[in-house]
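Asks: What follows is a structure written as structure tokens; I'll ask about it next.
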2 protein chains.
Amino acid sequence: MPEESKGQPGCSKWMNATGPDGEIVLSSRVRLARNIREVPFPYLASDSQADDVTRQIRQTSSELQDEMGEMRFFPIKNIPPLERQVLVEKHLISPLLIKEPHNSAVLLRSDEAVSVMVNEEDHLRIQCLLPGLQLEQGLAEANRYDDLLEEKLAYAYDEQWGYLTACPTNVGTGLRASVMVHLPALVLTKQINRVLSAIAQVGLAVRGLYGEGSEVVGNLVQISNQITLGQSEDEIVRNLYGVSRQIVEQEAQARQILLNEGRDRIADRVNRAFGVLSHARLMSSQEAMQLLSDVRLGIDLGLIEEVSGNILKELMVLLRPACLQMEAGRELDSLDRNRERAGLIRKRLESHYQ
Amino acid sequence: MPEESKGQPGCSKWMNATGPDGEIVLSSRVRLARNIREVPFPYLASDSQADDVTRQIRQTSSELQDEMGEMRFFPIKNIPPLERQVLVEKHLISPLLIKEPHNSAVLLRSDEAVSVMVNEEDHLRIQCLLPGLQLEQGLAEANRYDDLLEEKLAYAYDEQWGYLTACPTNVGTGLRASVMVHLPALVLTKQINRVLSAIAQVGLAVRGLYGEGSEVVGNLVQISNQITLGQSEDEIVRNLYGVSRQIVEQEAQARQILLNEGRDRIADRVNRAFGVLSHARLMSSQEAMQLLSDVRLGIDLGLIEEVSGNILKELMVLLRPACLQMEAGRELDSLDRNRERAGLIRKRLESHYQ
């Protein structure tokens, strides 16, 4: 947030660092849903009950300062609306959290790898977001914060059902683990539908970039567990990890096929994408994502050398409407955004050149 | 030709110099058809008659050395086939001249602004090719060579009909004057069909880049007189000049409209074209022409500053199959050509940058 206040959206750790299998798995996310015992879930709570929860978490986080590291507490209502949207675009909070900003809040670690949403669908949503395929590390980190908070807070927990949550699909572990994968070669070799339906058949959910119902753009897919009950946290994470590794293998093979069967054609494609990105004067979000996906593929295949692979992760966030308007320092209509977006891409690509 | 022999097609004067109205009129061409009295036209002449014509012209040109400037005489059969094709691509000779290479020849000035074809459709075709709108200058130059040759050669001339030619459409003045115009804004503003049919209505012919029947690519159009009889040379040239000036005005207005009504959109278009040209790895001839047309428009409108406007004229020739193969130093199949073409474009654009 301090960075946002300077009018320049900064990068979260997941955006500008790399991790294991980072060429294909852009990020891993683990979140735990928790609620306070004997307080109605947020959608049923009165204002004063919800305020009470917020106050309690703020208090707790300040008591746990030493153990939690550099965390800051922000009531959503104190964050200017545009900056709230920036947090959503960076995947640090959900759109739901800012929909009713009266009693909601977020606790955010300075590297933005850990965030705790307060009064979203549940009283607490502890989230860890890491670069690359780091589901176990994400779970460990989320668990550490969960354990710290549990020492101070009385969680709603049932011996038989486990953690109780506002929505029954989260009951049990309250765990949702997900990976964001970049699958351009499976798309280009027309294997993507087969792969995605296989994923659905093993009980995992496949979504676009910005959660349920969002379109798949830029060959980016989010894969997450659907089941939270009847499996341990470790099992859930191990299962998703295993599937992710298989997807990584399949995408890697497809990339090899592209190189073997038409190196010129794929080199042409990715370099054209780079040429358009670095020279266009107007650019829609959707086109930018497709071209950035191509450029990232080119970088991964060694066909484009001047640019860092993180350009995709950085720009897929920084080109979103709120980030763009923050960068421009003013409200932008759709045509303005297309102009600013093209300008920002050129600037970023130039600075990457140097 | 000396340059071709080094395996690097060089530029003719019309390609790398500019002339009046040079932003829209790329080149002006004037050619005079002449025949030797009492010798059958080439398509009826015996081998020995045709050889005799060639010998006579060679002799004459060597006697006129001082007056004609630095001219060189090349029997077509002595030119390697690929280099013959290069001369066609540079518009210095016609495809017909190299179709039957036994007795044909070309007399070529060192700046390649003047060429005299021997035993094409007629015994002599004196051609002057200049950058920009320079029809009168072209006519004066062609006339100068015509007068010099006429002093030594007995032309087939009839008091009533004028100069006699193999094809009746050339009888009289034997003059064909043409301009090559670049009309991207008339195309983009959808006025091109109206303008071209108006040109046809005043008795001028409209053609694509490589003569009759060739497709219009890269928004380039050749406009020439159809009538050679009943008008003086000056009238023919003055008429084509007047129409060319009107087209220049209309294209200039259309360019202003593009700037006024959507500067961002046109800037986006031309810069994208530049981005693709400077990064693609495979490029068809047709796509290259369209993108070069866009880039040239961008240069003319001041929206692209790093590159010289002559890039269009140079590359529209140097990217043709024979020039490409000369540059590569080997025969190329279609895919190879697309690769070499993309490479040559990148190289040229880089050298223009510096």
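The chain as shown is numbered from 1 upward.
Glycine residues also receive a Cβ, built from the backbone N, Cα and C atoms like all the rest.
Quick caveat, the model's predicted, so the values are computed rather than measured.
So TrEMBL lists the following for this protein:
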type	residues	note
BINDING	A:27-31, A:HIS91, A:ARG125, A:176-180, A:207-212	ATP binding site
DOMAIN	A:24-254	domain 'Phosphagen kinase C-terminal'
Asks: So of A:ARG125, A:ARG207, which of the binding-site residues has the fewest other Cβ atoms within 10 Å around its own Cβ?
Replies: A:ARG207
Asks: Could you check what DSSP calls A:ARG207 (ATP binding site) once collapsed to helix, strand or coil?
Replies: strand
Asks: Counting only residues 6+ apart in the same chain, whose Cβ is under 8 Å from the Cβ of A:SER27 (ATP binding site)?
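Replies: Within the chain, A:SER27 (ATP binding site) has Cβ neighbours under 8 Å at A:TRP14, A:GLY19, A:HIS91, A:LEU129, A:LEU130, A:PRO131, A:GLY132, A:VAL179, A:MET180, A:LYS313.
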Asks: Sort out the sequence-distant neighbours of A:VAL30 (ATP binding site) for me: same chain, 6+ apart, CB within less than 8 Å of its CB, listed by position.
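Replies: A:VAL30 (ATP binding site) has long-range Cβ partners A:GLN127, A:CYS128, A:LEU135, A:GLY138, A:LEU139, A:GLU141, A:ALA142, A:LEU175, A:ARG176, A:ALA177, A:VAL237.
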Asks: Measuring CB to CB from A:SER178 (ATP binding site), give everything in the same chain under 8 Å that is also at least six residues away in sequence.
Replies: A:SER28, A:ARG29, A:GLN222, A:ILE223, A:SER224, A:ASN225, A:LEU240
